[in-house]
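As recorded in TrEMBL, the features of this protein are as follows:
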BINDING   Arg45, Asp102, Glu103, Ser104, Lys144, Gly161, Asp162, His239, Ser240  substrate binding site
BINDING   His115, His140, Asp141, His213, His239, Asp272  Fe cation binding site
Amino acid sequence: MTILIDQPELGVEAGFDKVDIAENELVLDGGFVVPQTNSFGHTFRDYHVESERQQGVENVYRINHINQTYDFVKRMREEYGKLNKMEMSIWECCELLNDVIDESDPDLDEPQIEHLLQTAEAIRRDYPDEDWLHLTGLIHDLGKVLLHPGFGELPQWATVGDTFPVGCAYDKSVVHYKYFEENPDYHNPEYNTKYGVYSEGCGLNNVMMSWGHDDYMYLVAKGNNTTLPLAALFIIRYHSFYALHKSGAYKHLMNEEDAENMKWLHIFNKYDLYSKSKVRVDVEKVKPYYLSLIEKYFPAKLRW
């Protein structure tokens, strides 16, 4: 479901509004300050705390875990991998996300473009020389356009939320694991073992992930011959794979290249998660910079 909301007020000329820094806030490697609570005053990624969004978030995961089967993912990758839904630029896609709210996210209820720019600008401040990482911050969630009518208006459960491999056993670290018991693959001996259809060290590129915005944006970037480095594509595809990069599950499927790219994903993930706040970005001020990066790494119009 696509949720329409009013445009937010833009921030001050400097790009970010000034915010008070509490004494107990955590500072990341490059100086980015991590708040202790999310937009609702709760700890980040708490999927069980009583809140206005908790029940809706859990329901998204319940339906997701029941329906994300190996066969379902295979069909979706074949259909959306055709990249025949629309032609538009990266920035045009960013603007489409003004109409989207991720119902699986317990930390944020603001327009996605706000989150994209918060993430990108936070990375830019701490890693000024890694322009590819700035752009990755901007585009990592663009696959959420799957929620838009022009892309079939996919349901939330097939677009957002934490991702996980299909075709092998579901790890108990996945959020709301209990609902997998209603998934047909949970009882299928071909898919419910540790390795399933895969082998040790096969590489994540050979593993099918649950379908959603991560895998879709990966297909879009790769299919349009982006010149972003492989680490960027890795971040885009696996930034919601929390069972791996937070809990350490599924490492038996990784190869050496995955291990190298994980270093960048760990850096990125801190900004992706903790930049979700009420802090505003002056969109018009930063837009020229990101347009220059888009021109550098992508063609003018992309097939989606």
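Glycine residues also receive a Cβ, built from the backbone N, Cα and C atoms like all the rest.
A map of TrEMBL features onto the structure.
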{"residue": "His140", "record": "Fe cation binding site", "Cβ contacts under 8 Å, 6 or more apart": "Leu116, Thr119, Met217, Ile235, Ile236, His239, Phe268, Asp272"}
{"residue": "Asp162", "record": "substrate binding site", "Cβ contacts under 8 Å, 6 or more apart": "Tyr61, Ser104, Val174, Val175, Ser240, Phe241, Tyr242, Ala243"}
{"residue": "His213", "record": "Fe cation binding site", "Cβ contacts under 8 Å, 6 or more apart": "Asp141, Leu142, Gly143, Lys144, Val145, Leu146, Thr159, Val160, Ser240"}
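Summary of the Fe cation site environment: with the site residues His115, His140, Asp141, His213, His239, Asp272 set aside, the chain residues having Cβ atoms within 8 Å of the Cβ mean position are Leu116, Thr119, Lys144, Asp214, Ser240. Neighbour count (other Cβ atoms within 10 Å of the Cβ, all protein chains): 24 for His115 (Fe cation binding site). For the binding-site residues Lys144, His239, the largest tally of other C-beta atoms within 10 A is found at Lys144. Note: the CA-CA distance between His115 (Fe cation binding site) and Glu103 (substrate binding site) rounds to 14 Å.
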